[in-house]
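Peer 1: Here it is: the structure, laid out below.
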Amino acid sequence: MSALANHAFAKMNGIGNEIVVVDLRDSKAGVTAEEARAVASPAGVPYDQLMVLQPPRLQGTEAFIKIYNNDGSESGACGNGMRCVVRRLFEKTGQSAATFETRAGLLNCWQGPAPDLYTIDMGAPKFGWQDIPLAEEFRDTRYIELQVGPIDAPILHSPSVVSMGNPHAIFWVDDVNAYDLERFGPLLENHPIFPERANITLAHIVDRDHITMRTWERGAGLTRACGSAACATAVAAARLKRANRTVEMTLPGGKLSIEWRERDDHVLMTGTADFEYEGRFDPALFASVA
Ligand SMILES: N[C@@H](CCC[C@H](N)C(=O)O)C(=O)O
């Protein structure tokens, strides 16, 4: 029987990014890709990301967090999901700071500058082509050669690429709503240049302090918000010297404040996290899961 059968969950969202949080810290069991897909089924609790808290592996951390996309694949980072996890923990324990471990490393998190805000230290971005990863060498990842549409009149072209613990490509445009991201997203996510696929963002730099964006998420599709994409976009814009290191990001689901800290290169993401409801998983969801 699946460890998730009858197990408690919390349905939350991070500015519209649909998140389910499951606390398995008292269990030895993990979650398989099949179980993650079963949770995401229409009869389950549909989500963009499933945040699974497992027992801590390192002293001083609250949990080892596994992050699943709704196609069952795993991600190293999920900024919006982390704010949801942090809100839930802080409300239960009264803590105002915590450290978690994810596949991408340690994440420090704390109460933001207002009671409804949470800050996640998303770590340092990586720009090397092998780190993102890309399938071939690009010395300068501020812009790479990649385009959609006719060679002499591309519709989208020359994205910046960044790893925030997960792969991101950012296409710079004048109007983020002028493109059919549902059509181009899957093509670009699965382009052979990205051996581990990629999150695809359209971004418009409004001014040096403000960027608007939309993201097609690897393994989850079109979302109302992607926190790691907001970090990657802010960093890529600053790297191109087109924006300041502290910027406000407007996503379809709301706003995030991003600071790319000079002193240690870390990216801090601040925003809200909303609780929707809690419940227990119907065991029938996992009946056909091995
Ligand atoms: N929504 C997340 C990112 C989710 C992970 C992504 N789909 C991936 O597989 O890399 C966020 O808020 O960062």
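Each Cβ is built from the backbone N, Cα and C atoms, and glycine gets one as well.
TrEMBL labels come from automatic prediction, so no person has curated them.
Owing to the predicted nature of the structure, the values given are computational and were not obtained by experimental measurement.
According to TrEMBL, the active site, proton donor annotation covers CYS78. Residues annotated as active site in TrEMBL: CYS78. If you look up TrEMBL, you'll see CYS226 marked as active site, proton acceptor. What TrEMBL lists as substrate binding site is ASN17, GLN49, ASN69, GLY79, ASN80, ASN166, ASN199, GLU217, ARG218, GLY227, SER228.
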Peer 1: Including all protein chains shown, what's the count of other C-beta atoms within 10 A of the C-beta of ASN17 (substrate binding site)?
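Peer 2: That number is 31.
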Peer 1: Return the residues near ASN199 (substrate binding site), defined as same-chain residues 6+ apart in sequence whose C-beta is under 8 angstroms from its C-beta, sorted by sequence, else 'none'.
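Peer 2: Long-range Cβ contacts: ASN166, PRO167, HIS168, ALA169, GLU189, THR215, TRP216, GLU217, ARG218, CYS226, SER228, ALA229, ALA232.
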Peer 1: Tell me, how many other CB atoms lie within 10 A of the CB of ASN69 (substrate binding site), whichever protein chain they belong to?
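Peer 2: Excluding its own Cβ, the number within 10 Å is 25.
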Peer 1: Enumerate same-chain residues with a sequence separation of six or more from ASN80 (substrate binding site) and a Cβ-Cβ distance below 8 A; give 'none' if the list is empty.
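Peer 2: Within the chain, ASN80 (substrate binding site) has Cβ neighbours under 8 Å at ASN13, GLY14, ILE15, ASN17, ILE19, GLN49, ALA225, CYS226, GLY227, GLY271, ALA273.
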Peer 1: Rounding to the nearest whole angstrom, report the longest C-alpha distance spanning ASN17, GLN49, ASN69, GLY79, ASN80, ASN166, ASN199, GLU217, ARG218, GLY227, SER228, listed for substrate.
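Peer 2: 16 Å is the greatest Cα spacing among the residues binding substrate.
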Peer 1: Between CYS78, CYS226, which of the active-site residues has its C-beta surrounded by the fewest other C-beta atoms within 10 Å?
Peer 2: CYS78
Peer 1: Let's check the environment of SER228 (substrate binding site): how many other CB atoms sit within 10 Å of its CB?
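Peer 2: Excluding its own Cβ, SER228 (substrate binding site) sees 32 Cβ atoms within 10 Å.
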